[in-house]
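*Asks:* What TrEMBL records for this protein is below:
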- B:20-40: transmembrane segment (TRANSMEM)
- B:60-81: transmembrane segment (TRANSMEM)
- B:93-114: transmembrane segment (TRANSMEM)
- B:135-160: transmembrane segment (TRANSMEM)
- B:166-185: transmembrane segment (TRANSMEM)
- B:197-214: transmembrane segment (TRANSMEM)
- B:252-270: transmembrane segment (TRANSMEM)
- B:301-321: transmembrane segment (TRANSMEM)
- B:341-360: transmembrane segment (TRANSMEM)
- B:394-416: transmembrane segment (TRANSMEM)
- B:422-444: transmembrane segment (TRANSMEM)
- B:451-471: transmembrane segment (TRANSMEM)
């Protein structure tokens, strides 16, 4: 097995690979999950009980964490909106480069 | 660097006051994890898709997966434990024990790895040396990966039992089943996507904990005052008491820190551990592969604060934290603060983050194991030359076997009380000799074909002899396990290097035309790839990113040095 054999094999496989064309955009998942988590945790922080405020040193940590997570989720969704993934090139021919 | 996690795990009285809200948050996470597996499944067509995501992912994803594969829960709990026990010395594992090696991987080694189109780290040894070096390194790696995956699973079970009250076997089987499902379905792509997701959940878990912890002890000033009063001034400095011959809790001096941790152990872990390098090899082009460890370096510089501060806060709040009198183990630092400070809601995020980190740590090892076992052992020496679909099927099968084996090693691990610190030591045996063989092979053309195998063998044996005989039998007095790990690493490195040079002098070198693209100073076609559109932007230049990370890490040392 020489270097050239490995390179040829991987180059051929890479030409047939489907990941680039078919994989979904991760930004949608991160954005969606953090928006959902952000909403849940923010709601938990809207009317904090005294005991939960005492526990977290007087800081309404649910509210702040929830808003932070919401902001991160929205950031990913905006990024996705502004720069969608480039359409994958449809190229079935092996690439000799 | 893997963290130096200590002995038996958590105190039993740390049961968290979780409610339906926290379980909802955890449940949503498990659904999303599985969803990623199912959605990634349709992207798997060739074996390259299954094992290396078709070499097609963008740099920000591979970079965050690179850091996340390292940010397993054993690392999070272990580094907090390290801080509660040794203080601010923990910064060494990050700023000197990670950043230089990550930058070296990106700037110097990645063109050889990515440009030669190898699918694994052992395959690189096959090209540079021979099948004996390849077979030995593949077997050592596959063995270690299953053990580490099992340790992650076992650690998860203990933490889940202490925090949530689930029996250990339930946690092991549930977590094993989820990891099995999403890797078998989507291969490396779903492992990497889940790692990136986990990175953000972990940040959302640790940042509130650090903020509240600092508030409780009266800010950074209050924290250092309390710790100085309890443990002395060196506890909150990076280098205090590390002069050669002077005593400090770490049991190491500046020379063993710089050489053992900063050079040998760290370079061995970051540059030749395939569970890490695999993330970079799945990047879409050479520029993205080079930027993978460099993008990871920036969060790595700051993550130390998120794990060190909870450890220090726990040490400041409870005098003698970690000793038997306090009723807490060092590993309890983060769970203790979660219990004390986090209300329901954020608590659910924190529990989810910890579980996610355990699963990601296990998944990184399983996904690198199945790649090495299929491509480097089975496909190379047992069933050669079958059609590509066969190797995808075999990869899925070996994933199932690998997960079952790590469930087995998890139960095995549960019968040893301080398996963690032993395993940490064992892994330094595996990474360091691999690194010396790589570095000599890459920078010295004359290193012969046969020298790879003998160097690897000699380095592994020498590190083991140093640990089990010279240290454990007390031939030379080294105060702590950590100090001994640093020395073992240096010994393994030197022995491997010396044997390689000796063997090379008596055996034939590899012909120069077969070394193209494998030795520093030569090139191969894959290395001269022109930058893709947009990759020539100044902020994407690898040299700038790399040197920027080094300067930033050095600057971070300043406030901890005086």
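For all residues, glycine too, the Cβ spot is worked out from N, Cα and C.
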*Asks:* Could you pull out which residues elsewhere in the chain have a CB under 8 Å from any CB of the transmembrane segment (B:60-81), counting only those six or more residues past its ends?
*Replies:* 2-6, 90, 93, 151-152, 155-156, 159, 191-193, 195-196, 198-199, 202, 206, 275-276, 279-280, 282-283, 288-289, 291-296, 299-300, 303-304, 307-308, 310-311, 314, 322, 329-331, 333-335, 354-355, 357-358, 360-362, 364, 420
*Asks:* Please indicate, using numbers and ranges, the residues of the same chain that are 6 or more beyond the transmembrane segment (B:93-114) and have a C-beta under 8 Å from a C-beta there.
*Replies:* 1, 3, 79, 82, 121, 124, 257-258, 261-262, 265-267, 269-271, 277, 280-281, 283, 286, 289-294, 296-297, 300-301, 303-304, 438, 442, 517-518, 520, 526-527, 542-543, 545-547, 549-550, 553-554, 556-557
*Asks:* How about the transmembrane segment (B:301-321) and the transmembrane segment (B:197-214): do they have 3 or more C-beta pairs under 8 A, pairs 6 or more apart in sequence?
*Replies:* yes
*Asks:* To the transmembrane segment (B:451-471), which of B:20-40, B:135-160, B:197-214, B:394-416 is linked by the most Cβ pairs under 8 Å?
*Replies:* B:135-160
*Asks:* Counting Cβ pairs under 8 Å to the transmembrane segment (B:197-214), which of B:20-40, B:135-160, B:394-416 comes out on top?
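*Replies:* The stretch with the most close Cβ contacts to the transmembrane segment (B:197-214) is B:20-40.
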*Asks:* So, taking each listed stretch (B:20-40, B:135-160, B:166-185, B:341-360) in turn and counting its Cβ pairs to the transmembrane segment (B:394-416) that are under 8 angstroms, which one gives the highest count?
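*Replies:* It is B:135-160 that shares the most Cβ pairs under 8 Å with the transmembrane segment (B:394-416).
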*Asks:* For the transmembrane segment (B:20-40), find every same-chain residue at least 6 residues outside the stretch whose CB is under 8 Å from a CB in it, and list them.
*Replies:* 178, 181-187, 189-190, 193-194, 197, 201, 344-345, 347-349, 351-352, 355-356, 359
